[in-house]
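Student: A single structure is presented below for examination.
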Amino acid sequence: MKKKVLALGAAITLVAPLQSVAFAHENDGGQRFGVIPRWSAEDKHKEGVNSHLWIVNRAIDIMSRNTTLVKQDRVALLNEWRTELENGIYAADYENPYYDNSTFASHFYDPDNGKTYIPYAKQAKETGAKYFKLAGESYKNKDMKQAFFYLGLSLHYLGDVNQPMHAANFTNLSYPQGFHSKYENFVDTIKDNYKVTDGNGYWNWKGTNPEDWIHGAAVVAKQDYAGIVNDNTKDWFVRAAVSQEYADKWRAEVTPMTGKRLMDAQRVTAGYIQLWFDTYGNR
């Protein structure tokens, strides 16, 4: 869920510059925050600083535990082509056309209006489904490297809409500015507390169309939005600029719903991967 956030190009000229501020809960000796925050060294192959990869890996773990519904040769293929899968997950945030010239417009999708935050831009539902299908075409053509790269891309967009801010078009420039990125940094610090430990993915959850799965995930995520972004958490986040107490308060407030979202994301992702294999079959 971690988001590399929103340089909006010319649109940023319409937004007042952000004041540089060291948040009370940051322990890096005074990290400064601007429109594009300085992220920790996110690594395409290290899930500790890559929540998208963490969710996909936990989903594969779920699949590996379910020897009744999941053919284990599918898990073997995911592991065989893990590097390509991880490259796709990572590229979505760092390469064009996937990150939309640093606007990340295609990483958002509001299920109520079917749009991202930029008018007429591609959104996560259509983009995630596009790469799901391209992955399938490559798979059928036995181009496994390209297939699993595209699958990684698709899984990234699915992962985004499981994050309530992405399902409500709440960007890093939404008020309070910077909340989106600081929240996603926080998620990295607690995610290991919410690992699914069983083999129960959301199998056959939303039919056979990837669009329906991405839409369904966004619907559920947006329902949980108020548990993360609300008047209290916004106020406490602003106060956290000078107060450790308020930094602790907003983090504590968002933790229960964040845990729920992380667990749902793992189960949905397991089912989505299973759908892909069901759709395009084994070699």
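Using the three backbone atoms N, Cα and C, a Cβ is placed for every residue, glycine included.
The model shown is predicted, which means the values in this text are computed figures rather than measured ones.
As listed in Swiss-Prot for this protein:
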{"type": "SIGNAL", "residues": "1-24", "note": "signal peptide"}
{"type": "DOMAIN", "residues": "39-283", "note": "domain 'Zn-dependent PLC'"}
{"type": "BINDING", "residues": "Trp39, His52, Asp160", "note": "Zn(2+) 3 binding site"}
{"type": "BINDING", "residues": "Asp93, His107, His156, Asp160", "note": "Zn(2+) 1 binding site"}
{"type": "BINDING", "residues": "His166, His180, Glu184", "note": "Zn(2+) 2 binding site"}
Student: What is the total of other Cβ atoms whose distance to the Cβ of His52 (Zn(2+) 3 binding site) is within 10 Å?
Tutor: 29
Student: If you count other CB atoms within 10 A of each CB, which of Asp93, Asp160, Glu184 wins among these binding-site residues?
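Tutor: For the binding-site residues Asp93, Asp160, Glu184, the Cβ with the most other Cβ atoms within 10 Å is Asp160.
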Student: Counting across all protein chains present, how many other Cβ atoms fall within 10 Å of the Cβ of His107 (Zn(2+) 1 binding site)?
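Tutor: Summing over all protein chains shown, His107 (Zn(2+) 1 binding site) has 30 other Cβ atoms within 10 Å.
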Student: Reported as an integer number of Å, what is the Cα distance between His107 (Zn(2+) 1 binding site) and Asp160 (Zn(2+) 3 binding site)?
Tutor: 6
Student: Using the structure shown, find which entry in His166, His180 (the binding-site residues) has the sparsest Cβ neighbourhood within 10 Å.
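Tutor: It is His180 that, of the binding-site residues His166, His180, has the fewest other Cβ atoms within 10 Å.
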Student: Sorted by position, what residues of the same chain at least six away from His156 (Zn(2+) 1 binding site) have a C-beta under 8 A from it?
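Tutor: Correct list: His52, Gly88, Ile89, Ala92, Asp93, His107, Gly128.
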Student: Determine, to the nearest whole angstrom, how far the Cα atom of Glu184 (Zn(2+) 2 binding site) is from the Cα atom of Asp160 (Zn(2+) 3 binding site).
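Tutor: Spelling it out, the Cα of Glu184 (Zn(2+) 2 binding site) and the Cα of Asp160 (Zn(2+) 3 binding site) are 11 Å apart.
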Student: Where His180 (Zn(2+) 2 binding site) and Asp160 (Zn(2+) 3 binding site) are concerned, what is their Cα separation in Å, rounded?
Tutor: 12
Student: Using DSSP reduced to three states, classify Glu184 (Zn(2+) 2 binding site) as helix, strand or coil.
Tutor: helix
Student: Please report how many Å separate the Cα atom of Asp160 (Zn(2+) 3 binding site) from that of His166 (Zn(2+) 2 binding site), as a whole number.
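Tutor: Rounded to a whole number, the Cα-Cα distance is 6 Å.
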